[in-house]
Amino acid sequence: MKDMTFNKRRTPLTEPSHSKLALVEAQLSVANQSLQASSLIDRATERVAERILSDPKMCKKLLHPLSSHWNEQQIISTPHENLWQRERLVCTGLLKKFKFAVDSEDVTYFILLLKEINLALTDNKYGDFRKTDVNTAPDAYGNRVFYPSADNIISSIINIKNYCMGGGIGLRKAIISQAILVNSHPFHDGNGRVGRILFNLTMQYSGASDNFYIPLKIFSNMATGGYELSLREAEIFGRWTPLISYFISMSSIIERILRQN
């Protein structure tokens, strides 16, 4: 019987053109203003996390059209209630160092900061960029997908740094920077965790409150693959609107929770 398995490599992500985001630009701007005005720090962040955990149906808007086919075993088993708190703790107080790293002409500082974050999140197990190819675990048919080559990591990191430093809507920069980092998969482990901290630091850098923090892990776990599937659309088809819309919907959920409290 012919072997029907396949191995495919993801293409490195780059920031989308403004024309690709034209349909959601106004909504993105409103969502960004809402988040920046929310003072989503400390107890406010905890209230959002508690509400989502107690009422997962609030995340219904975050589902993807293919969420019904999402294999829940793909969700990391680490208890997300504790993981997001650890991530926030690592993120706390890093804004000054992040600003210096982003604003510096030398990308080395930005690279070192990402490695420092990864080291803190992986119990000092990793912290260096991978030098070999890595792939997803095989699916039920043995199919695997390889992440972009390790040779592309530095160029992706430079792209992220320059994009963070540029002007524009903070939420858009945070979404796209996180997506590029997760796609490039620079570390052996902890890429999603580093990406979530990068998102929040980019929001802080772009005008949100110091120590602003969205518990992204809780939202993604309650969205039944909504985040991951939307990211795949950007990676495979160059369609960024689903991923942007995911975060716009998340912003409206946060605003609703904070208004109720």
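Cβ atoms are placed via backbone N, Cα and C, with glycine included.
TrEMBL annotations:
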DOMAIN    109-249  domain 'Fido'
For the domain 'Fido' (109-249), the number of residues DSSP places in helix, strand and coil: 87 helix, 6 strand, 48 coil
Integer mean pLDDT for the domain 'Fido' (109-249): 94
